[in-house]
Ligand SMILES: NC(=O)C1=CN([C@@H]2O[C@H](COP(=O)(O)OP(=O)(O)OC[C@H]3O[C@@H](n4cnc5c(N)ncnc54)[C@H](OP(=O)(O)O)[C@@H]3O)[C@@H](O)[C@H]2O)C=CC1
Ligand SMILES: CC(=O)N[C@@H](CCC(=O)OP(=O)(O)O)C(=O)O
């Protein structure tokens, strides 16, 4: 058994970590933090965890967290970078769900996030936690930066094409829709039911902070510069990311051949499921599960390929992927605690 701590246990990704880890056979959750709800029983705030988690939220305290083998940060951007150095110095493995360690270029991070990064010296050693691309590095990492929800769906969708140079890296398009839980649990005007319900909108069209993260990942896969247009949208659903990805094929190959490429690339992957040609990926089919489902289309047989990639933003897009990384780091079965199937309907 390993001892696990969660900083930010009252947020949506925090409670999702609690739900997943409560069924993990090698994990004992020893500390879960909240500043606002310190002293309150977890199941008082989250009755769905009654009879499963018997813990009280405590304030984030480095001394206590240092007693853990693994600490997850399910906190807003800018928090993990303040606390991670002390934990890492004590040999604790840190898995950060925020963006603090995702971007390799600190100047770019400071352009999109906060004016000054608190520990730029740690950025180079952080491993980007996308198991399907960085599995070996994750296994040896002490600090993992979990990918954002949009970046997970987009990178998994484009990966097989970019690795083999099958798609023109100029003019890639990622048209992506998210459920409102992607914005977290904090009260916000834009996520009120009367604002987000029965409506649908694009936002941050001029530039979203996931753009540099996605671009960094795609360029690594392609080994060349990538030109990407990324437009996020808010949909009136709670969970789910649906990415519609467009790119022009560089070779005259059939959809069947592209399908074989995806099958080959993801055939051994536990959590990437390539659907039959012509299928439509549906966020409903991954809701609550750690799966990414991918569907391939070539409308009217033209040169443009359309890839549909769906995940649950709170599972494969956040807490599930974080547990997947922990399993790899600790030598557990990669799907331990992650076997839950999607809820239907
Ligand atoms: N929601 C999603 O779909 C996804 C989220 N992420 C990322 O995961 C992280 C968490 O997101 P989410 O769960 O949605 O966020 P929430 O806003 O729902 O929760 C944030 C949590 O962090 C705690 N917290 C806030 N500030 C601090 C602080 N300074 N020190 C310690 N704890 C703090 C809060 O509790 P309290 O204030 O009581 O301490 C709360 O428990 C974010 O970085 C987000 O970008 C990544 C992928 C997907
Ligand atoms: C719907 C919605 O608001 N989504 C969030 C997704 C960001 C997120 O969670 O990502 P980080 O981990 O990079 O902060 C947003 O657009 O800000």
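For all residues, glycine too, the Cβ spot is worked out from N, Cα and C.
Per TrEMBL, these features apply:
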type	residues	note
DOMAIN	3-141	domain 'Semialdehyde dehydrogenase NAD-binding'
ACT_SITE	149	active site
Packing count at residue 149 (active site) (other Cβ atoms within 10 Å of its Cβ): 29
Local backbone state of residue 149 (active site), from DSSP in three classes: helix
